[in-house]
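S.K.: Residues annotated as N-myristoyl glycine in Swiss-Prot: Gly2. Feature annotation from Swiss-Prot assigns S-palmitoyl cysteine to Cys3; the stated evidence is similarity to another entry. Annotation comment: Swiss-Prot describes 32-354 as domain 'G-alpha', evidence class sequence analysis. Per Swiss-Prot, the feature region 'G1 motif' maps to 35-48; the stated evidence is sequence analysis. Residues or ranges marked as GTP binding site by Swiss-Prot on the basis of similarity to another entry: 43-48, 150-151, 175-178, 200-204, 269-272, Ala326. The Mg(2+) binding site annotation in Swiss-Prot covers Ser47, Thr181. Taken from Swiss-Prot, the feature region 'G2 motif' covers 173-181. Here Swiss-Prot flags 196-205 as region 'G3 motif', drawing on sequence analysis. Under the heading region 'G4 motif', Swiss-Prot lists 265-272. Residues annotated as region 'G5 motif' in Swiss-Prot, with sequence analysis given as evidence: 324-329.
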Amino acid sequence: MGCTLSAEDKAAVERSKMIDRNLREDGEKAAREVKLLLLGAGESGKSTIVKQMKIIHEAGYSEEECKQYKAVVYSNTIQSIIAIIRAMGRLKIDFGDSARADDARQLFVLAGAAEEGFMTAELAGVIKRLWKDSGVQACFNRSREYQLNDSAAYYLNDLDRIAQSNYIPTQQDVLRTRVKTTGIVETHFTFKDLHFKMFDVGGQRSERKKWIHCFEGVTAIIFCVALSDYDLVLAEDEEMNRMHESMKLFDSICNNKWFTDTSIILFLNKKDLFEEKIKKSPLTICYPEYTGSNTYEEAAAYIQCQFEDLNKRKDTKEIYTHFTCATDTKNVQFVFDAVTDVIIKNNLKDCGLF
């Protein structure tokens with residue numbers, strides 16, 4: 001009797017092969033779909049990372065889109081100088097030149113127009129004179145004692161350019177804008193044959209209850225920490241040190257049962273601001289037990305250890321840490337390339353393809 005397969009057997013073998021092939025294709029497709037959740041406390045740089053994805057992996061911001069940010073740039077600039085002027089009263093700092101008190105009064109009268117996307121020559125002149133004042137600069141140097149936008153100096157130092165009537169914000173200007181994220185912002189892009197869905201959620205305490213339904217099927221979490229927050233308090237709770245709040249949040253995410261199999265990528269962000277700040281503001285403000293030097297390398301490494309030590313599953317879970325400057329496109333491009341390689345490796349492993 002021969003070993004020839006009957007037609008039914010042949011069909012069954014073909015069907016089996018097809019099922020295997022489909023399963024493999026489904027597995028590969030699943031391995032190519034990446035759901036990334038961006039988490040972190042308020043103002044840690046999450047939204048800036050999303051903007052960088054648009055610049056790096058899409059066509060960036062068109063001239064039309066940049067124009068739409070003009071009102072935000074003006075609003076951020078005005079709010080920054082107003083925050084400094086208000087803090088001067090609280091910190092009992094006088095203007096270097098008493099004539100600036102009139103400019104400060106004018107500022108409050110003229111501020112409304114800039115919120116609408118217009119910067120008059122009169123308003124630009126008022127802001128410029130105020131920003132040059134020695135008392136204003138003294139107050140700016142004490143900005144850890146009040147809430148001030150990170151981009152304050154960036155915009156105020158460039159007032160001549162941004163006050164031009166034909167001003168169109170650059171990609172860097174757009175990156176520097178600050179708008180509080182409310183709700184969830186979803187971004188899609190393709191990179192290294194992977195289809196990314198990135199979710200940016202508001203970091204302020206009031207926004208966190210909206211995270212929960214994003215948790216399912218997450219490939220990786222990018223958790224952003226602002227290194228430069230070590231000597232600041234929260235906007236929503238002036239008793240709470242921002243770095244301690246970040247650590248509390250990271251602890252709850254890193255050791256959450258939802259994320260047992262989720263890659264956790266830690267972005268220690270704003271390294272440029274931290275490098276400047278650590279020279280004059282000691283790390284002991286945040287970590288009284290710290291005995292190291294106030295050099296960037298040693299202080300940054302200490303903060304890294306503080307976060308990584310919160311991981312209660314060190315034997316099975318690795319934290320992938322990167323030092324970042326979210327406003328630096330080249331740095332973000334380099335880091336995201338490394339992050340993607342980790343995701344590819346872990347994804348293939350999960351799908352049994354590695």
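Yeah, the Cβs are placed from backbone N, Cα and C, and that goes for glycine too.
Map the listed features onto the structure and describe their local environment.
M.R.: Proximity of distant same-chain residues to the region 'G1 motif' (35-48), defined by a Cβ-Cβ separation under 8 Å and at least 6 residues beyond the stretch ends, is recorded for 150, 175, 178-181, 185, 196-204, 207, 211, 214-215, 217-226, 229, 234-236, 242, 245-246, 249, 253, 267, 269-270, 324, 326-327.
Take the CB of Glu43 (GTP binding site) and look out to 10 A: across all protein chains shown you find 25 other CB atoms.
When secondary structure is read from DSSP and collapsed to three states, Thr181 (Mg(2+) binding site) falls in the coil class.
Proximity of distant same-chain residues to the region 'G2 motif' (173-181), defined by a Cβ-Cβ separation under 8 Å and at least 6 residues beyond the stretch ends, is recorded for 42-43, 46-48, 51-52, 55, 61, 65-66, 69, 72-73, 76, 149-151, 154-155, 162, 200-204, 207, 326-327, 329.
In the predicted model, the region 'G3 motif' (196-205) shows an average pLDDT of 77.
For the region 'G4 motif' (265-272), same-chain residues at least 6 beyond its ends with a Cβ under 8 Å from one of its own Cβ atoms are 40, 44-45, 49, 150, 220-229, 250, 296, 300, 303-304, 307-308, 319-328, 335, 339, 342.
Cβ atoms under 8 Å from those of the region 'G5 motif' (324-329) belong to residues 45, 48-49, 52, 55-56, 171-172, 175-176, 224, 267-272, 335 of the same chain, restricted to positions at least 6 beyond its ends.
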S.K.: Can you check what DSSP calls Lys270 (GTP binding site), collapsed to helix, strand or coil?
M.R.: coil
S.K.: Fill in the CA-CA distance, Arg176 (GTP binding site) to Ser47 (Mg(2+) binding site), as an integer in Å.
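M.R.: Per the Cα atoms, Arg176 (GTP binding site) and Ser47 (Mg(2+) binding site) stand 10 Å apart.
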S.K.: Using the alpha carbons only, what distance in Å do you get between Ser47 (Mg(2+) binding site) and Asp150 (GTP binding site) once rounded?
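M.R.: Each residue's Cα considered, Ser47 (Mg(2+) binding site) and Asp150 (GTP binding site) end up 14 Å apart.
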